[in-house]
């Protein structure tokens with residue numbers, strides 16, 4: 001008898017990165033460290049931008065949103081992974097799996113869109129500098145964040161709805177450290193044609209579309225920079241794009257590497273290991289990329305940390321007095 005989604009089973013097994021017991025403490029410590037660094041680093045970026053009035057510009061508004069989304073991406077998958085390792089229990093409920101898949105698709109899609117929006121911001125700043133404040137007005141900036149939210153919510157909802165119609169058999173082991181949609185579809189014993197079509201269409205439209213937008217923006221940026229007569233002017237214009245270019249290269253390079261490696265090796269475990277790069281490593285490195293190469297962010301971070309130290313000393317002084 002064919003088992004249904006809601007009547008035949010209620011949970012999946014997340015096999016994780018490795019089933020070797022001696023590697024579990026190492027994996028737990030490594031991922032806990034990366035998660036804490038990711039959350040702390042991105043929180044510092046958000047707090048630095050919000051506390052410094054000089055950073056209340058479109059570029060830093062989009063950066064703070066990107067940092068928030070990076071925290072959400074990792075928080076969707078890493079805490080459950082750490083809990084499973086700590087309790088030595090690989091179980092995730094069917095409802096939990098669908099929920100995790102929904103939010104991962106939502107926030108990873110937002111990451112993609114925000115990088116495109118930031119590329120457009122750099123395009124306007126370099127190609128139309130005199131009209132930058134007029135074009136990138138608060139209303140447009142709000143829309144450039146709201147529209148990606150709406151599109152990402154609708155996309156992740158659509159993907160989850162087509163997964164909910166699937167029937168799963170007895171093999172409920174997911175060879176991954178989170179409920180990745182492709183792995184779930186592979187476990188289904190009912191027809192997955194619609195799921196595959198939706199996945200490929202979404203990958204082409206919502207993955208390829210933003211990438212084309214980024215490439216187009218940078219083609220115009222390069223053309224404008226090339227027309228600047230002085231070498232100092234060229235360097236100054238290009239330096240405003242270096243951090244964003246680094247993040248884009250890291251995000252798309254690692255995501256493309258995941259799918260190429262899975263296509264070549266046909267190994268689910270190698271695909272899971274490669275997925276660590278764009279799900280964990282990229283969000284962790286983003287704050288370092290933006291802070292190390294950005295004088296404004298470094299100045300805001302120093303001011304923020306200085307204020308924290310002063311408050312700490314004030315609290316200690318009050319305690320001693322009492």
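Every residue gets a Cβ built from N, Cα and C, even glycine.
Those TrEMBL annotations? Automatic predictions, nothing curated.
Summarising the annotation, TrEMBL assigns domain 'G-protein coupled receptors family 1 profile' to 41-290. Marked as transmembrane segment by TrEMBL: 26-49, 61-82, 102-120, 140-158, 197-216, 237-260, 272-292.
Same-chain residues lying 6+ beyond the ends of the transmembrane segment (197-216) with a Cβ under 8 Å from its Cβ atoms: 109, 112-113, 115-116, 119-120, 151, 155, 158-159, 162, 181-182, 185, 248, 252. Listed as Cβ neighbours of the transmembrane segment (140-158) (distance under 8 Å, sequence separation of 6 or more from its ends, same chain) are residues 58, 61-62, 65, 101-103, 105-107, 109-110, 113-114, 117, 120, 198, 202, 206. The listed stretches are 61-82, 102-120, 272-292; of these, 61-82 has the most Cβ pairs under 8 Å to the transmembrane segment (26-49). Listed by sequence, the residues of this chain that lie at least six past the ends of the transmembrane segment (272-292) yet keep a Cβ under 8 A from its Cβ atoms are 16-17, 31, 34-35, 37-38, 41-42, 44-45, 63, 66-67, 70-71, 73-74, 77-78, 104, 108, 175-178, 180, 243, 246-247, 250-251, 254-255, 257-258, 261-262, 298, 301. Sequence-distant contacts of the transmembrane segment (102-120), counting only residues of its own chain at least 6 positions beyond either end whose CB sits under 8 Å from a CB of the stretch, comprise 59, 62-63, 65-66, 69-70, 72-73, 76-77, 144-145, 147-149, 151-153, 155-157, 159-160, 178-181, 206-207, 210-211, 213-214, 217-218, 244, 247-248, 251, 279.
Proximity of distant same-chain residues to the transmembrane segment (61-82), defined by a Cβ-Cβ separation under 8 Å and at least 6 residues beyond the stretch ends, is recorded for 14, 16, 28, 31-32, 34-35, 38-39, 42-43, 45-46, 49-50, 92, 96, 100, 103-104, 107-108, 110-111, 114-115, 117-118, 121, 141, 144-145, 177-178, 279-280, 282-284, 286-287, 290.
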